[in-house]
Ligand SMILES: CC(=O)N[C@H]1[C@@H](OP(=O)(O)OP(=O)(O)OC[C@H]2O[C@@H](n3ccc(=O)[nH]c3=O)[C@H](O)[C@@H]2O)O[C@H](CO)[C@@H](O)[C@@H]1O
Ligand SMILES: C=C(OP(=O)(O)O)C(=O)O
């Protein structure tokens, strides 16, 4: 806290070699939330990405009374939630990452209430939580907002006896679906969740919950049914690979004209992004659990519309904006999920890019040679996109506010350096 993290990248090197895709940020965070629902035993999570969001989640788990040990070298997290003691998700930790809100179902079931002093996550425009709150209310909870000592709103959810019902998401919210599934898992009776998210991480979270004893069916169909059970048991589970981390490394190969083997990457998990990257000139070759990628041809321009899975992931929108700066003609990007996810355009502009933004649409006028500059990571994927731009730029790029990047990508400088990049991480 309070330190400025910067990455310095000197561009112009092609990347070659083998890289290990990290465990998925958006899978491990709900799993930590799920592990807090087990009143006995110790949960063991393997292939845990060593990212700042996981460190914050460990701090938050401890703040509510759980014992949590992160074994960084082994990428293993052990959680004993037998003695949860506080329903308060304190602002100084919870407001630093979005996944903090995934602790709410465990608090409701284990302590009968949750006090939310803040919820963080990247600032991408509106990030509402009404689907979560409405779902909890339909299950019998009461939700009230009070103004805290510092003037900020504090949300208090009282569970009462949570009971199953018919719930829905107006749009298939990723964490909304996970929170409603977890709330339903220990509720009385049956819950139907309509318009549920289809993301692979949601399915991985269903898998761990099922192993814990939850009765969940319909994952991946948009209609999820949950039969409430009396208790959940601590289990051991391996976190799935991070498809966004994989996508960024695909683009690192593409933007430098290199060739990489991505260990643990699954082409299917990239959804429409794989097709768009192929259209741009990336060649994929899946060999078991290793995805081989290379780009030899000139990059072609692309049209991208972000959408829920299996559509083009919004978390890969910034990285492909950086890539399309080098494409041989204008690319068009329509951001449908978030209403404020184009802060990157101005930063790329400092590096010589020419991007017109109009509301949620952007036109990237390629090709433009990029040159090194001092730029700011306004959010996590803005950070990964600026690293990509730096890899292709002439001269040195300094990326400030890079804590955001560290929120979601593990060992960025080490992994890229091993592939031939000239990149260092600095903390001051
Ligand atoms: C920790 C985690 O898993 N984060 C991911 C998750 O965020 P997160 O789960 O927060 O994203 P959602 O799918 O919930 O949000 C998508 C859109 O739905 C709206 N919405 C959502 C919930 C709600 O109650 N009301 C509402 O209006 C949001 O304002 C946003 O415009 O999915 C996003 C979309 O794939 C990803 O970018 C994030 O990396
Ligand atoms: C938006 C993101 O994460 P979060 O929801 O955790 O802010 C992201 O991973 O790009």
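Residue numbering: from 1, along the chain as shown.
The backbone N, Cα and C atoms fix where each Cβ goes, and this holds for glycine too.
What TrEMBL records for 122 is active site, proton donor. Here TrEMBL flags 25, 26 as phosphoenolpyruvate binding site. Sequence annotations record features per position, and here TrEMBL assigns UDP-N-acetyl-alpha-D-glucosamine binding site to 98, 315, 337. Sequence annotations record features per position, and here TrEMBL assigns domain 'Enolpyruvate transferase' to 9-414. TrEMBL lists 122 with the feature 2-(S-cysteinyl)pyruvic acid O-phosphothioketal.
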Can you tell which of the recorded positions 25, 26, 122 lies nearest to residue 98 (UDP-N-acetyl-alpha-D-glucosamine binding site) in space, using Cα positions?
122
At the level of the C-alpha atoms, what whole-angstrom distance separates residue 337 (UDP-N-acetyl-alpha-D-glucosamine binding site) and residue 25 (phosphoenolpyruvate binding site)?
19
Using a 10 Å radius around its CB, how many other CB atoms surround residue 337 (UDP-N-acetyl-alpha-D-glucosamine binding site)?
20
With the Cβ under 6 Å from ligand 1 as the test, give me the qualifying entries from the recorded positions 25, 26, 122.
26
Taking Cα atoms as reference points, which of the binding-site residues 25, 26, 315 is nearest to the residue listed as 'active site, proton donor'?
315
Can you give me the same-chain residues 6 or more apart in sequence from residue 315 (UDP-N-acetyl-alpha-D-glucosamine binding site) with a CB-CB distance under 8 Å?
244, 247, 380, 381
With an 8 Å cut-off on Cβ distance to the 98, 315, 337 Cβ center, who else from the chain surrounds the UDP-N-acetyl-alpha-D-glucosamine site?
121, 122, 124, 174, 314, 338
